Amino acid sequence: MAESNCTQVTEFSLTGFTEDSMTQVTLFLIFLLIYLVTILGNLGVIVLIRASPQLHSPMYYFLGNLAFVDLCSSTVITPKMLVDFISEKKGIAYAGCVAQVFIFDLFGMTECFLLAMMAYDRYVAICHPLVYPLVMSPKRCFQLVTGSYLVGLTNGMGQTISLSSLSFCGSSVIYLFFCDIAPLISLSTSNTTLSRIILRTSASLFGVSSSLVVLVSYVAIISTILSISSAEGKRKAFSTCASHLTTVSIFYGTSCFMYLKPGSDSSREEDRWAVVLYTVVTPMLNPLIYSLRNKEVKEAL
């Protein structure tokens, strides 16, 4: 009865990073630079892959989609964060918060599965090179990428439906710089059992399955590389997956820190900076990693 008589929150307050004006200006300039590099880097990768015939292969088809996902996920968060740095009031409407949760969860899970598909692609290329053109045909690549987006869409819709069933009648302060599902569940004044079940089921079903694909693929890849007799052959085989392995390590390392460590509500200062690495910095690093470490990309440039 008390919940039915409460006033539903229509706007959430975002705490950001600091209240000091000079620090906010400094952070604004830093994150603006990061965002510009992210936009230019990922757009550059997409244009380069489309314009260069030597990059029309399954690996770069996946990379182009990864760049698109990074571009979208960064744009969902960073522009609003930049506006908050120079605004007195750091708030976001309920509808905007729901939209941010949906889009971020959609592209976040899509990236998980794209990285898993890229690991599978490297597995087939190194462990079964003779059947690679047959297994990784254009049709199969399209199906794998489409499946990744569909899994992301399912995750985004599930989290959004979960969020829409919650009531927010108490505190409206989110101790973060964007709307994430976990702190919103903690803020809710209604029964959050179903929402927590959906969150954990999604993380377990989708996150763990994509992680297993990456893990199993690289166990087989490393085993195959170690069986190669020549040092030059080992170097060439490893160089084909070094960039992807670096990207996977950064993405899964930061995401596991945020979502698998016990009692995480992203309210601590160090947790917020970890979220920055996961949501803002990683989309900037991916195109740089592939540009600097990949011989074919540098030749195309």
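Here the Cβ of each residue, glycine as well, is placed from N, Cα and C on the backbone.
In TrEMBL, annotation is done automatically, which means it is predicted and not curated.
Bear in mind that the values here come from a model prediction, so they are computed numbers and not experimental data.
Summarising the annotation, TrEMBL assigns transmembrane segment to 25-48 (among others).
Annotated domain 'G-protein coupled receptors family 1 profile' per TrEMBL: 41-290, in sequence order.
When Cβ-Cβ distances below 8 Å are used as the criterion, the transmembrane segment (60-79) is approached by residues 31, 34-35, 38-39, 41-43, 45-46, 49-50, 100, 103-104, 107-108, 110-111, 114-115, 117-118, 121, 141, 144-145, 148, 177-178, 247, 279-280, 282-284, 286-287, 290, 296 of the same chain, each at least six residues removed from its ends. What TrEMBL records for 60-79 (among others) is transmembrane segment.
Feature annotation from TrEMBL assigns transmembrane segment to 91-116 (among others).
If you look up TrEMBL, you'll see 166-185 (among others) marked as transmembrane segment. Beyond the ends of the transmembrane segment (166-185), by six or more residues, the same chain brings 3, 6-9, 11-17, 76-77, 80-81, 84, 92, 94, 96-98, 100-101, 104-105, 159, 192, 195-196, 199, 259, 264-267, 272, 275-276, 279 to within a C-beta distance below 8 angstroms of the stretch.
Residues or ranges marked as transmembrane segment in TrEMBL: 205-226 (among others).
If you look up TrEMBL, you'll see 238-260 (among others) marked as transmembrane segment.
What TrEMBL lists as transmembrane segment is 272-292 (among others). Among residues of the same chain six or more beyond the transmembrane segment (272-292), those with a C-beta under 8 A of the stretch's C-beta atoms are 17, 31, 34-35, 37-38, 41-42, 44-45, 63, 66-67, 70-71, 73-74, 77-78, 81, 104, 175-178, 180, 243, 246-247, 250-251, 254-255, 257-258, 266, 298, 301.
Cβ atoms under 8 Å from those of the transmembrane segment (205-226) belong to residues 109, 112-113, 115-117, 119-120, 122-123, 126-127, 151, 155, 234, 237-238, 241, 245, 248, 252, 255, 259 of the same chain, restricted to positions at least 6 beyond its ends.
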